[in-house]
Amino acid sequence: MGPTASGKTDLAIALRQTLPVEVISVDSALIYKGMDIGTAKPSKAELELAPHRLIDILDPSESYSAMNFREDALREMAEITASGRIPLLVGGTMLYYKALLEGLSPLPSADPEIRAEIEAKAEQIGWSGLHRELLAIDPIAGKRINPNDSQRINRALEVFYITGKTMTELTAQQGDSLPYNVLQFAIAPQDRAVLHQRIEQRFYKMMELGFQQEVEKLRARSDLHKDLPSIRCVGYRQMWEYLDGDISLDEAIYKGICATRQLAKRQITWLRGWNSEITWLDSLDPTSSKLKMIEKIAQNSIKL
């Protein structure tokens, strides 16, 4: 696990050459076909060294949930373990990890009518007013959700209106836990400035590789639009705004870099608040040092 641009892929390839592992991608962007440059998808050469499961499995017009991921990942893990090898899950989509490790809480599906009612109420009293209502109903969720985060406020209230139970109550009712012994490692540079520099350098490299042309090709499709989960991926939505004429290219690049840094910050926040025990690895340490640490811990838990 780890934030974007932390070196997860390189370490996974090194592990693939050292241990009897098979890689499963845990990334909500890498699942999409035709979105290679902006997602920093492993190259053909990298995939030959370490094939990744659960990448390029969907068209950008399709949606995918944490529940879908859990089902697919469990299937792949069963197949890998049956062959006598070890599943190595690699990626930065923390919600997918959470769903896999803890199961899924029984939250209801969205109800368009109730959402419309909530939005109508927001027009009358504002989202700050609805946030105060949420604080009264579900103090824990209310304190966790930013007063300006209308999407999450809407969802938390919607869940309560549908079920009569708060989001906090329902998320405590998790599904089946993962039926495997799990070792968890997180990789990130200790110095946040290093990660920020890597993100900026990688974004400019993606531009050199043809990221704009990749988005132009997607935008030319009549079935794709900016509100799809695929196009909302960081970098893609900013480049889409540029192609729509809403911002300049320089602004798109700047906003894309900023959005990627914000994503990395959220990923690190998730990891620091993780309930399970995690072994942290410094991205700047030699690969050999990281491999030795992983092998040492693994040998005490798994028969290699």
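Every residue, even glycine, has its Cβ placed from backbone N, Cα and C.
The shown structure was predicted, so the numbers you read here are calculated from the model rather than taken from an experiment.
Under the heading ATP binding site, Swiss-Prot lists Gly2, Pro3, Thr4, Ala5, Ser6, Gly7, Lys8, Thr9. Just so you know, the Cβ of Thr9 (ATP binding site) picks up 20 other Cβ atoms within 10 Å once every protein chain is counted. According to DSSP, Thr9 (ATP binding site) is assigned to a helical segment.
The number of other CB atoms found within 10 A of the CB of Gly7 (ATP binding site), across every protein chain shown, is 22. The feature substrate binding site is assigned by Swiss-Prot to Thr4, Ala5, Ser6, Gly7, Lys8, Thr9, with sequence analysis given as support.
What Swiss-Prot lists as region 'Interaction with substrate tRNA' is 27-30 (among others). For the region 'Interaction with substrate tRNA' (27-30), the residues of the chain that approach it from at least six positions outside its boundaries are 38-39, 41, 52, 54-56, 64, 69, 91-93, 95-96, 229-230, 233, judged by C-beta separation under 8 angstroms.
Under the heading site 'Interaction with substrate tRNA', Swiss-Prot lists Thr93 (among others). In this view, Thr93 (site 'Interaction with substrate tRNA') is surrounded by 20 other Cβ atoms within 10 Å of its Cβ, with every protein chain counted.
Its Cβ placed at the centre, Arg115 (site 'Interaction with substrate tRNA') has 15 other Cβ atoms within 10 Å. The DSSP secondary structure for Arg115 (site 'Interaction with substrate tRNA') is helix. The site 'Interaction with substrate tRNA' annotation in Swiss-Prot covers Arg115 (among others).
Outside the region 'Interaction with substrate tRNA' (151-155) by six or more residues, the chain places 110, 115, 118-119, 122, 127, 130-131, 134, 145, 167 with a CB less than 8 A from a CB of the stretch. Swiss-Prot lists 151-155 (among others) with the feature region 'Interaction with substrate tRNA', giving sequence analysis as the kind of evidence.
The region 'Interaction with substrate tRNA' feature in Swiss-Prot is assigned to 232-237 (among others); the stated evidence is sequence analysis. For the region 'Interaction with substrate tRNA' (232-237), the DSSP-based tally of helix, strand and coil residues reads 2 helix, 0 strand, 4 coil.
Listed as Cβ neighbours of the region 'Interaction with substrate tRNA' (265-272) (distance under 8 Å, sequence separation of 6 or more from its ends, same chain) are residues 1-4, 92, 94, 186, 188, 278. Sequence annotations record features per position, and here Swiss-Prot assigns region 'Interaction with substrate tRNA' to 265-272 (among others).
Look at the binding-site residues Thr4, Ser6 and count other Cβ atoms within 10 Å of each Cβ; Thr4 has the fewest. Here the binding-site residues are Gly2, Pro3, and the one ringed by the most other CB atoms within 10 angstroms is Pro3.
Residues Gly2, Pro3, Thr4, Ala5, Ser6, Gly7, Lys8, Thr9 make up the record's ATP site, and a Cβ search at 8 Å around their centroid adds Gly92, Ile187, Ala188, Ser283 from the same chain. The DSSP breakdown of the region 'Interaction with substrate tRNA' (151-155), given as helix, strand and coil counts, is 5 helix, 0 strand, 0 coil.
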